[in-house]
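Features reported for this protein in TrEMBL:
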BINDING   103-110, 193-197, 247-250  GTP binding site
DOMAIN    94-395  domain 'Tr-type G'
Amino acid sequence: MLSPMMRSRLGTQCLHASSSRSAAAVPLATRSLCIAAGPTPRRGGASRRSLRLPAAATPALVRFAGSASGALAPGVSVPDPTIVLSGPEAARMARQRNIGIAAHIDSGKTTVTERVLFYTGRINQIHEVRGRDNVGAKMDHMELEREKGITIQSAATYCSWMATPPTETGTVSGDVGSGETAGKEEFRMNIIDTPGHVDFTIEVERALRVLDGAVLVLCAASGVQSQTITVDRQMRRYSVPRISFINKMDRAGANPFRVIEQLRSKLKCTAAAVQVPIGSEGGFEGVVDLVRWKSVWNEGDMGIVVRESDDIPAEVLEFAKAKRQELIETLADVDDEMAEIFIEEREPTIAELAGAIRRSTIACKFSPVFMGTAMKNKGVQAMLDGVCAYLPNPAEVPATAMDISTKAIKGAQEQAAQAATDSGADEEAVEAARKGASLPPVALSPSSEAPLVGLAFKLEEGRYGQLTYLRVYQGTLKRGNMLFNARTGKKVKVPRLVRMHSNDMEDVDSVGAGEICAMFGVDCSSGDTFTDGTTTLSMTSMFVPEPVISLALAPETKDAGGANFSRALNRFQKEDPTFRVHVDSESSETIISGMGELHLEIYVERMRREYNVPCTTGKPRVAFREAISSRADFAYTHKKQTGGAGQFGRVMGYIEPMTMDEETGKDVAFENRVMGGSIPNGYFPACEKGFMDALEKGMLSGHPVTGVRFVLEDGAAHSVDSSELAFRLATAGAFREAFSKAGPVILEPKMTVEVVAPTEFQGAVIGALNQRKGTIEDTEVREDEFTLTAEVSLNDMFGYSSQLRGLTQGKGEFSMELRNYQPVMTNIQRDMEAEYKKQLSKK
């Protein structure tokens, strides 16, 4: 039956469905190249709709999708509508995939990646996580990663894969490594393997910022877990299409259809199986491909041989038919063409079914679900086929930048002011609209002939200097080129250009649009945009979460400190935006801050191993924040007479609570609404600096202030006594005065804690979390183990790891991630204020 959502969407279309349907999906070999834009925001605001361009390698030129077609969202301009994609370049794009592999910790991401590298021929032998064979997985190249069995840093590689297209009706069996390629098509992939632990979430964040698609790996027994939810949120932030791979199908308690229900309920993700398993748990043998209607299984050493058959095992035949119908009905809810086929009550062709999956996946409306067990070498090749069939190529993902030229900025301001004037706004509102104008996005061309635009998304200290990972969005980057850094305005030369294979490098002379590479010897920061200097475009950077935990750090001995201590901290700060270092102004201690205890422990250990600087650490400290709960006005005058020219500055306005701005990623803002020149323009930067200074240390407990908008409306200046310093101090004084009247509160980080342990310890685990003032939100019992989800203050979680090991005889495990910041209890705030006042009185 049609769902209510589909009935509502189709409306009267049900009466006229048969004559207007589009052509069936095109087979992969002749598939069109799709420059997308339409309802899904993507990479800076472009939206997604299809404009088809022939992808066959012909001498004819293919014109890039320009505004005349209406393919791009309103307000998105195309820098040069005459840019063309040649036939060979269009064909290259169609066979290119940039994907990431992401999941909750211990779901098997790195094991999956290791099989991918083996089956694609990038490595000759499979090695396991944790270095059990004294080698370790290729993508876990750090010694610490192999010791702990976790991925700490994201790692990039590239490979080629001979994929079986979903429109192939014949059985395609054999060993790709031995040259059996009949019925297959070659694709090139850039792959980034990401960490699963929440403490290293920035690695996932910056990978997803530059990737076109992703594989979400889930455990068939554990299902959707806490970090799965975080990864889903990150994928949605950057509108990254994903396919889902349910791994560990051989585990006891494996239930892939329970996991699919969790995808739908917990992640609100429209998902359906495109495979059903043959056998279960230890008897898992292979899958039934619901699109091509084949039985698929692995044979041979390390599962390198894939076999297919038209015969579906009798024991799963009816179940497979039901799941195929469920797939069709799910797609009918999200794809118009499939909805029309469903209304006509006819069976879709393989091409129509595959086309609906692809369109819906690229539009981020659907996630096809694959199944397998990487450790037992089953199902990985079929998942790779799904990557090639259903995830987008670089030209199908609209990327945008902003024109930061003075002309573009003035044009945006005038346009905003004119729009406010046309709507009847008064002079003050028009000026506010002018100052708050945002730059319109500019669509980037996926052509290698366009002006170069690339984004630096990751930095590493390499063997030959700084290694900068770069995604090229348009144009061609060549070794020896001069690059222009849009942030700093500096020109730099690219002395060496490489493609990465984990920690191995392959020198290349050039890379084109849609590629991922790395370059040596270029000094920059993560998130910088590079161009060839012929364009004034700049791309938005990635979201960087704030640290939640801090601790004091000092070298064990004076000899161990010095240059290496500072050098290590400077390097780690540059590589990892979530790792912060500052010197406490009161105690003069070096304080490091990060996303969790493990995050900081790793850096302390790396200082010992990589820089020979063993360190002692203090007790972990929670990163509290201060905020306001109501609006408060201010009218503050800073006046000081010292003989001769004095200091005078008067500011008037208000402060109010502010939530996170989705565009800027910030939750503090300074707004200048001064009219009539009561404060000279030259003093406004000083006012903003004074506001930012005041945010560094709150008045309640000395912690940073967040969630505040400072609005400057009026003021006064003196022709002799006013200065930048005077207005800086006036603004800081005004903020402190208003802060005390705006209902100030202390905020603490609240964590989502997930515990997995044997059911016999359930009561003890719940009791321990209750003692830590946790709120139990969900408990799921599965045969011999249970999963518990709770909300707990980070300040109450210290020492929980040791307690859980004791309670569960070492059989329990837990993970936690930042949920939000909430006000502390009244009595705790009172105690914290009293303690801070006591500290101040001792000075």
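Keep in mind that glycine also has a Cβ here, set from the backbone N, Cα and C atoms.
With a 10 A radius on its CB, Lys109 (GTP binding site) counts 28 other CB atoms from all the protein chains. Counting only same-chain residues at least 6 apart in sequence, those with a Cβ under 8 Å from the Cβ of Thr194 (GTP binding site) are Gly100, Ile101, Ala102, Lys109, Thr151, Ser154, Glu203, Val204, Ala207. When secondary structure is read from DSSP and collapsed to three states, Lys109 (GTP binding site) falls in the helix class. In this view, His197 (GTP binding site) is surrounded by 23 other Cβ atoms within 10 Å of its Cβ, with every protein chain counted.
Within the same chain, the residues at least 6 positions away from Asp106 (GTP binding site) whose Cβ sits under 8 Å from its Cβ are Gly196, Cys219, listed in sequence order. In the structure as shown, the Cβ atom of Ala103 (GTP binding site) sits within 10 Å of 27 other Cβ atoms. In sequence order, Ala220, Pro256, Pro277, Ser280, Glu281, Phe284, Met371, Gly372, Thr373, Lys378, Gly379 constitute the residues six or more apart from Met249 (GTP binding site) in its chain with CB-CB distances below 8 Å.
Mean model confidence of the domain 'Tr-type G' (94-395) amounts to 89 (pLDDT, 0 to 100 scale).
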